[in-house]
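Worksheet: one structure, shown below.
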Amino acid sequence: MISSVSNISNSNKKDINDEIVELQMPQENGGLKRSMTSRHLFMISIGSAVGMGLWLGTGASLHKGGPVGLFIGYMITGTVAWALNMSIGEIASLYPVTSAFPRWSAQFVDPSLSVVVGWMHWWGNMIGASNELVGMATVMGFWLPNINPGVWITIFFIVLVSMHSFAVNVFAEIESFLSAIKFSWIFIAIIVMIIISAGGAPEGNSVGFHYWRTVPFNDNGFKGFLTVLPTCIFSLAGIELVGLVAAECISPRKSVPIAVKSIWLRITLFYILGSFVVTIVMNPNNDQLLGGSGTNASPFVIAFKNSGLSGLAHVMNVIILVSVFSSASGTFYGCPRILMGLAHLKMAPKLFSKVNRRGVPYIGYIFSALLSGGLAYINLSESGATVFGWFLNLSSLVALLLWSVIFIVNIRLRKAWVAQGKDLNSLPWTTKFNPYIAWYGLFWSILITIVEFYLSVWPWKEVSSAKNFFANYISVVLMIIIYVGSKIYFKGPFLIPLIEIDLDNGLFLEDDIINAKNTIDKGVFRGFYDDVRTFIDDKTK
């Protein structure tokens, strides 16, 4: 269970910051059901957040940064994403709590920062769900261009709402299945792209490293390369989902380390190798890459079509649809749970903490679903698309904020653990690379935020303007406003003193959970084997 133990020595402190943290920390799991296994978390970690950013966004990045710039961009951001998950693993295996990120922020950094993290994270997920609903309608337009996109938005919206109305294990099973599809396809896509590059396709010539030699940065220099970094971060946004899902795992101390230790596989296969094969096939100045719309601008779709593999182009569109649906499902999952955590922290209306008998925070779910669905429809009109674009800009730097805070939480957790006389070896799981990789990730997160500022003031191949600056950096302005307002309300120091951080609150006592549920998490492969065997036995009876 989630420990209700409070640090008695801290409870008598008069500092308003401490009082608020003590009052706001939920004592229980809030009614969520701990039903996910290691297999679920492993598969979700493999496939979560693989969406439009990878399959579609690599085309624009290839043009701006060239093949070398694109590959280096994913190498850098990929290592940051790996460091992020290692840091999450140390925190979530010990504190697998509702909403995770705002809760950790309030406990280890400052409640004012928690307000910013929580509401901006919710906004990013909600607007992301809208964007993905529109994205699915766009993909369907590849096959059925004459059908109004609003029809597809309605269909996929109903499917997602229905899916998340059930218990969380339904989401876990579907997401695991979709992740398996994406994971299987990336092997095929990489092999086919290598064959195309070698000249083995029905049409086209051998390419190899031609574009690496002739246009390594596509004549756009260092600034062109800088534009790649924020795009790569956007593609990787959502990779932190493991931290949020941990609150509904049977055995977080077992499941979370398995999931985060496998994250290198996903980053390497999907992003590093995925971007690499694009660079050895696609001309960064390909007219289709620059002039295409929707999935027709995907470098994978273009490569398959131009190589006489039109059948694979259709399959690629199916995979894009699966990927976008999976990403949308992840955001639908996250929104109500973020609101639930904020409600527990008394940073959102209490009604968002309501949970039905299936463990679904239904009020937050209805609220988030209606907003995201409504914004998706607004995006269909020209004037509405402008409004939606501004809403989308408000979430542009949410991932960098979230990642920075996670790194800070990890650093402060370790420091507080030592400051209060505890041995780091007593943590349920640690990585030998910390605290170094946490500092490494924080450095790059801050640096890319500065890069985004630079590109907002002096945009790539555009004239500097106040409109362009606010379109790209308005989210930071909003974050500052929320933080200042919260700090005025909460008062207290900018950082909770290490010695006063309550390390008992939210601590996960695994033995109690397993005994209470009378079940054992069998791990990834044994769990998968038993599930398949049970399914076959049921069908053959």
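In case you wondered, yes, glycine gets a Cβ from its N, Cα and C as well.
Those TrEMBL annotations? Automatic predictions, nothing curated.
As annotated by TrEMBL, domain 'Amino acid permease/ SLC12A' applies to 40-493.
TrEMBL lists 41-62 (among others) with the feature transmembrane segment.
Here TrEMBL flags 68-85 (among others) as transmembrane segment.
Non-local neighbours of the transmembrane segment (150-171) in the same chain are 32-33, 35-36, 40, 129, 133-134, 136-137, 140-141, 248, 325, 328-329, 332-333, 358-360, 362, 365, 369, 373, 376-377, 380; each lies 6+ residues outside the stretch with a CB under 8 Å from one of its CB atoms. Annotated transmembrane segment per TrEMBL: 150-171 (among others), in sequence order.
Sequence annotations record features per position, and here TrEMBL assigns transmembrane segment to 183-202 (among others). Under 8 Å from some Cβ of the transmembrane segment (183-202) lie the Cβ atoms of residues 46-47, 208, 266, 269-270, 273-274, 277-278, 280-281, 300, 303-304, 307-309, 312, 315-316, 319, all in the same chain and six or more residues away from its ends.
Here the transmembrane segment (222-251) has long-range neighbours at 29, 32-38, 40-41, 44-45, 48-49, 51, 53-54, 57-58, 60-61, 64-66, 69-70, 72-74, 76-78, 81, 84-85, 88-89, 91-93, 96-101, 124, 128, 168, 259-260, 263, 267, 271, 327, 330-331, 333-334, 337-338, 359, 398-400, 402-403, 406, 448, 451-452, 454-455, 460, 510, 513-514, 517, 519-521, meaning same-chain residues at least 6 beyond its ends whose C-beta is under 8 angstroms from one of its own. Residues or ranges marked as transmembrane segment by TrEMBL: 222-251 (among others).
What TrEMBL records for 263-282 (among others) is transmembrane segment. Listed as Cβ neighbours of the transmembrane segment (263-282) (distance under 8 Å, sequence separation of 6 or more from its ends, same chain) are residues 45-47, 50, 54, 58-59, 62, 67-68, 70-71, 73-75, 77-78, 81-82, 85-86, 182-183, 186-187, 189-190, 193-194, 196-197, 207-209, 211-212, 232, 235-236, 239, 242, 289, 299-300, 302-303.
TrEMBL lists 315-339 (among others) with the feature transmembrane segment. Counting residues 6+ beyond its ends, the transmembrane segment (315-339) has Cβ neighbours under 8 Å at 32, 44, 47-52, 54-56, 98-99, 101-102, 118, 121-122, 125-126, 128-129, 132-133, 135-136, 139-140, 142-143, 156, 160-161, 163-164, 168, 171, 174-175, 178-179, 181-182, 185, 189, 238, 241, 244-245, 247, 295, 298, 300-301, 304, 348, 352, 360-365, 367-369, 372 in the same chain.
Annotation source TrEMBL lists transmembrane segment at 360-378 (among others).
The transmembrane segment feature in TrEMBL is assigned to 390-413 (among others).
Under 8 Å from some Cβ of the transmembrane segment (433-457) lie the Cβ atoms of residues 76-77, 79-80, 82-84, 86-87, 90, 223, 226-227, 229-230, 233, 396-397, 400, 403-404, 407-408, 410-411, 414, 464, 468-469, 471-473, 476, all in the same chain and six or more residues away from its ends. Here TrEMBL flags 433-457 (among others) as transmembrane segment.
Taking Cβ pairs closer than 8 Å, the transmembrane segment (469-490) reaches residues 16-17, 20, 110-113, 115-116, 119-120, 389-390, 393-398, 401, 449, 452-453, 455-457, 459 in its own chain, all 6 or more past its ends. Feature annotation from TrEMBL assigns transmembrane segment to 469-490 (among others).
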Within the same chain, where does the transmembrane segment (360-378) have neighbours whose Cβ lies under 8 angstroms from its own Cβ atoms, ignoring anything closer than 6 residues to its ends? I mean 6 or more beyond.
30-32, 122, 125-127, 129-131, 133-134, 150, 153, 157, 160-161, 164-168, 331-332, 335-340, 343, 351-354, 384-385, 387-388, 391
Compute the average pLDDT of the predicted model within the domain 'Amino acid permease/ SLC12A' (40-493).
88
Tertiary contacts of the transmembrane segment (68-85) (same chain, 6+ residues out, Cβ under 8 Å):
45, 58, 61-62, 212, 216-218, 220, 224-225, 228-229, 231-233, 235-236, 239-240, 242, 259-260, 263-264, 267-268, 271-272, 275-276, 278-279, 403, 406-407, 433, 437-438, 440-441, 444-445, 448
